[in-house]
Amino acid sequence: MANAALIEALRAADAVQFGEFELSHGGTSSYYVDKYLFETDPRCLKLIAEAFAERVADDDKLAGVALGAVPLVAATAVETNKPYVIARKKAKEYGTAKRIEGALDEGEEVVVLEDIATTGQSAVDAVEALREAGAVVDRVVVVVDRQEGAAELLADHDIALESLLTAEDLLADADG
């Protein structure tokens with residue numbers, strides 16, 4: 001069953017919007033889930049961190065995909081008292097020039113936390129970077145799965161997709 005409190009919080013934060021929107025992959029949609037509105041809303045952030053915490057195993061290290069999932073993974077780290085790493089899309093060209101920020105040991109089991117899954121490509125990229133760094137990753141947990149192919153793409157890379165909410169959950173009974 002969908003998390004009714006989280007749905008209500010996302011709607012109250014105006015994070016679910018209706019109209020014509022261009023998505024990051026170039027497609028268009030009649031609705032938009034504004035991650036910046038829910039990631040900067042304390043009530044949403046608390047509910048998300050609590051829900052993510054329920055899905056994290058005792059031996060999991062947390063990882064967040066930069067930039068969008070950083071507030072989510074940080075809040076979940078506080079909720080679970082677990083350290084986390086940040087997976088960048090590409091290495092910085094300055095400083096340490098790393099794709100993975102934070103301490104990560106070879107063989108550590110990592111669960112990736114992400115904001116929204118549409119195609120799933122950013123999650124796949126993060127998992128590949130973590131695996132290249134020696135992590136064992138087989139699971140991504142997202143706030144919202146837009147149900148537009150992410151689960152299938154991730155499955156092709158031996159990654160399970162779990163979501164707190166699906167587009168179907170979020171749009172049920174919506175006034176759009």
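Placement of Cβ uses the backbone N, Cα and C atoms for every residue, glycine included.
Feature annotation from Swiss-Prot assigns 5-phospho-alpha-D-ribose 1-diphosphate binding site to Arg88, Lys89, Lys92, Glu114, Asp115, Ile116, Ala117, Thr118, Thr119, Gly120, Gln121, Ser122; the stated evidence is sequence analysis. What Swiss-Prot records for Thr118, Arg146 is orotate binding site, and it gives sequence analysis as the kind of evidence.
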Which of the listed binding-site residues (Thr118, Thr119, Gln121) has the least company, meaning the fewest other Cβ atoms within 10 Å of its Cβ? Gln121
Enter the number of other CB atoms within 10 angstroms of the CB of Ala117 (5-phospho-alpha-D-ribose 1-diphosphate binding site). 28
Inter-residue Cα distance where the pair is Arg146 (orotate binding site) and Gln121 (5-phospho-alpha-D-ribose 1-diphosphate binding site), in Å: 13
Looking only at C-alpha atoms, tell me how far Thr118 (orotate binding site) is from Arg88 (5-phospho-alpha-D-ribose 1-diphosphate binding site), rounded to the nearest Å. 18
Inter-residue Cα distance where the pair is Arg146 (orotate binding site) and Thr119 (5-phospho-alpha-D-ribose 1-diphosphate binding site), in Å: 8
Return only the integer: C-alpha distance in Å from Ala117 (5-phospho-alpha-D-ribose 1-diphosphate binding site) to Arg146 (orotate binding site). 6
Measure from the Cβ of Arg146 (orotate binding site) and count the other Cβ atoms within 10 Å, all protein chains considered. 21
